[in-house]
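Heads up, the thing below is written out as structure tokens.
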Amino acid sequence: MPVKNRFAELHDTITEWRRDMHANPELLFDTHRTSAMVEEKLKAFGCDEVVTGIGRTGVVGVIKGKSTASGKVIGLRADMDALPIEEQTGLDYASTVPGKMHACGHDGHTAMLLGAAQYLAETRNFDGTVVVIFQPAEEGGGGGREMVDDGMMDRFNVQEVYGLHNWPGAPVGKFAIRSGPFFASADLVEIEVEGKGGHAAKPHETIDTTVMASHIVIALQTIASRNLDPVENAVISVTSFETSSKAFNVIPQKVTLKGTVRTLNPAVQDMVEKRLKEIAEGTAAVFGGVARVTYKRNYPVMINSDEQTAFAAEVAKSVTGDCEEADLVMGSEDFAFMLNARPGAYILMGNGPGASVHHPEYNFNDDAIPAGCSWWSEIVEQRMPAA
Ligand SMILES: [Zn+2]
Ligand SMILES: [Zn+2]
């Protein structure tokens, strides 16, 4: 079953939706224009139910099959938000909003899921219910978490959930997926180091916070090299080192360190958090100071379920004949919150050559639309075949 004919027919229309979103990017939860457009289209397609305001600006549409006797309910999710980047593509439909840009292709994801929703609402050639999920704030805001916390999964009785992301560098029509941990967790760390400030010429009268904090930065690198099982992965990056002194001759009272932790396994994440606190507090104590660690778990590890991953790969092969095992990704993805709530799978889809995501010259490839729409609709029709 190759790319569906209906999506060849709808290709120009879906491309227009995508380019309209591209010209009008919105950040985080401020996806008001995009959410209103999604709502209007879902209603026009004849969805059985369209609900707004889930996870603030999230939108959900419900499409029932010709029969719902199977009792199955599948969720399909797209993200709607853009990035705070100044676009440099020179496209005739480039961003009209200074400093904002669809540089991750969420315009393409939303347009493709709308296309799949239109087709599914027209044909209803399945036995069960589809819940199309349009989430805001994927780029760091935790929109997926907010929709789940709003009770979305229970409210719509979602049993499985599927998501997709475009992948620059891979050819159009190529899919890639892996079972188990796929995208890393992303945690935020802040360490406030406090000693005793004073004159730089009289260090013996101070408790030097810069020396203390420097030892902490170096010692934190031993978590990955000495505490972590070498077959596991973790990244611990200190990205900011700020002292409370701007002078040449003042030993600062305080130093604030900031950084991020990435892991691919919840047990590793637990270990890193524990060791990070022990090392920071213990090192500060050695020098007579104090370290206060704030460890914020932002996005969890995104874990694909085995059975749904195998199924999603089969569907991808049935659409384009091309699906391989994906590499691990140390970036994060807030679809992880939905996969923590329900079994499901997240797949990557080739975007062709060109700039990578989050680059000012990136653009979603409209040629990929029929494959993405076909994959989503086939997930539904193959998982819940019409009687
Ligand atoms: Zn992104
Ligand atoms: Zn993205």
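Here the Cβ of each residue, glycine as well, is placed from N, Cα and C on the backbone.
Automatic, uncurated: that is what TrEMBL annotation is.
For reference, TrEMBL has these:
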type	residues	note
BINDING	Cys104, His106, Glu139, His165, His358	Mn(2+) binding site
DOMAIN	189-282	domain 'Peptidase M20 dimerisation'
In sequence order, which same-chain residues at least six apart have a C-beta under 8 angstroms from Glu139 (Mn(2+) binding site)?
Leu27, Leu28, Asp81, Ala82, Leu83, Cys104
Mind checking how the domain 'Peptidase M20 dimerisation' (189-282) divides into helix, strand and coil residues in DSSP?
39 helix, 32 strand, 23 coil
Mean per-residue pLDDT computed across the domain 'Peptidase M20 dimerisation' (189-282):
97
DSSP secondary structure for His165 (Mn(2+) binding site), reduced to helix/strand/coil, please.
strand
With the Mn(2+) site defined by Cys104, His106, Glu139, His165, His358, which remaining residues of that chain have Cβ atoms positioned within 8 Å of the Cβ centroid?
Asp79, Asp81, Leu83, Ala103, Gly105, Glu138, Val357
Those binding-site residues, Cys104, His106, His165: which ones have a Cβ sitting under 6 Å from ligand 1?
Cys104
Filtered binding-site residues, from Cys104, Glu139, His358, whose Cβ is under 6 Å from an atom of ligand 2:
Cys104
Among the binding-site residues His106, His165, His358, which residue has the fewest other Cβ atoms within 10 Å of its own Cβ?
His358
Based on DSSP, name the secondary structure state of Cys104 (Mn(2+) binding site): helix, strand or coil.
coil
